[in-house]
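So the structure is just underneath, and the comments pick up after that.
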Amino acid sequence: MAPVMEAAAIVAIALSNGQGEPPDWQDFVGIVLLLLANSCIGFYEERQAGNAVKALMAALAPQAKVRRNENWVVIEACDLVPGDVIGVKLGDIVPADARLIVSNNTSIDQAALTGESLPVGKEVGDEIFSGSTVKQGEAEAVVIGTGSNTFFGRAASLVQSAGDDIGHLQTVLAKIGNFCIISIAIFLVAEIFVMYPGFKYRYRRGINNLLVLLIGGIPIAMPTVLSVTLAMGAKQLAEHKAIVTRITAIEELAGVTILCSDKTGTLTLNELTIDKPTVKQYSHFSVDEIILLSAYASRIEHQDAIDTCVVGSLPDAKLAREGIEEMDFRPFNPVDKRTEATYRRLSDNTVHRVTKGMSSVVLNLCTRNKTEEQIKQMTADVDEYAMRGLRALAVAYEEVPSGNPEGEGSGFELIALLPIYDPPRHDTKETIDRAQELGVKVKMVTGDQLAIAKETGRRLGMGDIMFNTKVLKTGPPPGSGWEDVDQMVLEADGFAGVYPEHKYEIVERLQNMGHLTAMTGDGVNDAPALAKANVGIAVADASDAARSAADIVLTEPGLSVIIDAINGSRQIFQRMRNYSIYTCSVTIRIVLGFSVLVFAFKYDFPPFMILILAILNDGTIMTISKDRVVPSKHPNQWNLVEIFTYAIVYGTYLAISTIVFYIVILKTDLFQRLFGLEHFDDHNDWRLHSIIYLQVSTISQALIFVTRSNGFSYLERPSVILMAAFLIAQCVATFIAVYANWGFTNILGCGWHWAGVTWVWNMIWYVPLDFIKFGVRYFMDMYLRRHQGFVELTTPHDIPADEKAAPATVPAADGSGEYEAVPTAAAAHRVPSYQPTRRESLGSASNQIERTATLQSYYAPHFAQYQPSGITAFANKLRQGKALFTKKGKRLAMDENELRRFHSVQTAQASQVLSQRQDGGTGAPSRGAGASAAGDYNLNRTTSV
């Protein structure tokens, strides 16, 4: 946009010179100032937002403990150099690649780098890598590699070397800019042919009219407004603990349809917990007593994950040693696979011993009250835990009559089996529900076992259609109902046993199916998948390599941070969309309105006044970056057809308002008769210029309140700063129109009476703008329905073989009472390939239900195609509880929860349709027979209807 304005400045200073008139210095200086103002405002706002983000990123910078000048000091890891001696201890993240020179029982967790699940022991001379975590002991090491020369630095360099394509947002902006430029070019060419060969204009007079189109039509502020909006959005997301490292990722995050999320630490707490309600008891001890005894067999310092879990289950950690004296403790080791504590109970001075550990090991130790029945029961309980994804921790107890901690005991007795699991975060289920309401499907991608993934999915209500990643290579099993791997990836609720390369493949497959995908990760090996995803998200405490590859870095754990970021990005997207419609509309209104006035009346509007209008308009529109907007309930995508349609309609309407106003002033005596105002005989009267300037300025800026709202603009309150900027700009415009006496640009004040008439005229023309918006929206919805089809998908369910091939039937669309067949083989169904429109009726409501309901699969597209009579006929049957039956008596098998959910939605929608059709839309939705019938079904695992 800036080059076009620079061309306009050259036209003003160079091409306008001649025919005895000096160069147009006023317009030249004004254009230069406008360019400078836009650049300065954009630089300042982006710098302010950038500083806020940098401050948060600085807080995330890794630090290192290094020996300098014989003293240990803490510095930023980026300041390390090869040869430095660093110190690391339990819990530290290794700041650089180094070789150990002192090692005190050191073990390193390298999972983030190599994918190894267990810590690795390190001795003097071994290398430790940047980004790994010290899990045990402490060590000193000499730095051998920093920056891009480290293990993960080389991985990050490979990710960056893949190149960066032109961003989606830049492509969209280029198309919007081209629309404006082409529109201006068309009318420029038309004016040139009309003014010079047609009207025989003098050279300078025609140049001024061309400058009006160039200056007024070019959205000079668009790059600045959108970049400032993104920068302020990045600052807003940073306040919600999501730091944006690639600014255009905000726009892409708004359109994300699938979020692939880690389980541990994101969906769950990453803290092992005892599931008390499912503790298996084999003795007289209560659950609380069992946990206390297992806490006796746990460390209270330097705890591993299991010890932390057990002691953390106590009401107070002090209870783990309260009332006892620890006499002997044997920590866990890979050989024994258990811990053991011998203690004296202070209340009666008796000695006892308790052990906890792997179930089979502890069971082999037990000799007292051990029976075949008990062994079978425990084996069954362990299997039950395994099927549910719970880890089993066995606890056994014995007395030591001799009181000698080294003496023999009375024999271990198995007292309990403790289920250990990583519980979901308290807000994860609610957050997943929020994500589904926003049209984002959350898929679990975890390295844990399949059983654990399914159990977590069930607890969170996100489904348990999950697979091991081996299906990515082997494909769907024969007879499973799945057609190919892509279909499984799309329909799956999650994947288990995932390695980084699997993440990459899952993202790639989803993208190939047309989905904008977000992926979370934390390790170096996750970097390729994060870079591949449309939006890569590095979770809290991620490695530096993951942060480098990610587009967004979270500073707090949990899924809610991501969903908040999606919501925030949609607000930012709405601001950009609103401005895009507004600026394209203003371009059309300027080029069309003033061109018609030139063609019809040889009207010459001063280019300097259009420059003043542009300056005031840009100052106001900058505040849209802080406007109050409502985020959409479905993923956002740029619909340029919609934007350009709105622009043409709004622009044409506003141009007509100016043309009609000009005609009424010049060709009629309406205002003279009503208000006693002076009549203008000259179609280029200087006062008329002031009036037209005020009319164009006021209603053009008021359009932003229409484009920013979904409903009536006067019911959706804008931000204070936007409203204040509008009022200030229009007060200035009004004073200019009333008092200006600028001979250099042919402007003379029109007075307060004409200003008042202009304001009233604009208010009258403003009112229909909301209805025009509703009309265009309705037209666009109808357009989408007719021009975008459906995508065939297949979902396997537990449907008997004899029913998979049987056709189901639904009421015919003509309402005749006949039924038409819909194939249910392998539960085939159709879902729209486009985002739901605002006026999706019954089809939309059904299609939002989880896709595991077979019935939903074909109702949605049929609803969208029904005529009103067909909808009413079907709604009557549904309300009476008959719609789920077929004349041929065929059955549809589906999950009981899906049936309950689906039928409740059907009932509500049917009642609403009947109320609107029978009561003229005035009656409240009723709960008729269909509503009561919802509770009458005998729901089993698979229900026949």
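Glycine is treated like the rest: Cβ placed from N, Cα and C.
According to TrEMBL, the features are:
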COMPBIAS  906-919  compositional bias 'Polar residues'
COMPBIAS  924-935  compositional bias 'Low complexity'
DOMAIN    60-160  domain 'P-type ATPase A'
REGION    906-945  region 'Disordered'
TRANSMEM  176-199  transmembrane segment
TRANSMEM  211-232  transmembrane segment
TRANSMEM  579-601  transmembrane segment
TRANSMEM  644-666  transmembrane segment
TRANSMEM  686-707  transmembrane segment
TRANSMEM  719-740  transmembrane segment
TRANSMEM  752-776  transmembrane segment
Legend entry - Long-range environment of the transmembrane segment (579-601) - Cβ separation under 8 angstroms, sequence gap at least 6: 176, 179-180, 183-184, 186-187, 190-191, 194-195, 209, 212-213, 216-219, 221-222, 225-226, 229, 610, 617, 621, 624, 643-644, 646-648, 650-652, 654-656, 658-659, 662, 666, 683, 696, 700, 703-704, 707
Inset, instruction - Would you confirm whether the transmembrane segment (644-666) and the transmembrane segment (719-740) meet the contact rule of 3 or more C-beta pairs below 8 angstroms, pairs 6 or more apart in sequence? - result: no
Inset, instruction - For the domain 'P-type ATPase A' (60-160), would you mind checking the mean pLDDT of the predicted model? - result: 80
Inset, instruction - Run through the domain 'P-type ATPase A' (60-160) and tell me, per DSSP, how many residues are helix, strand and coil. - result: 21 helix, 49 strand, 31 coil
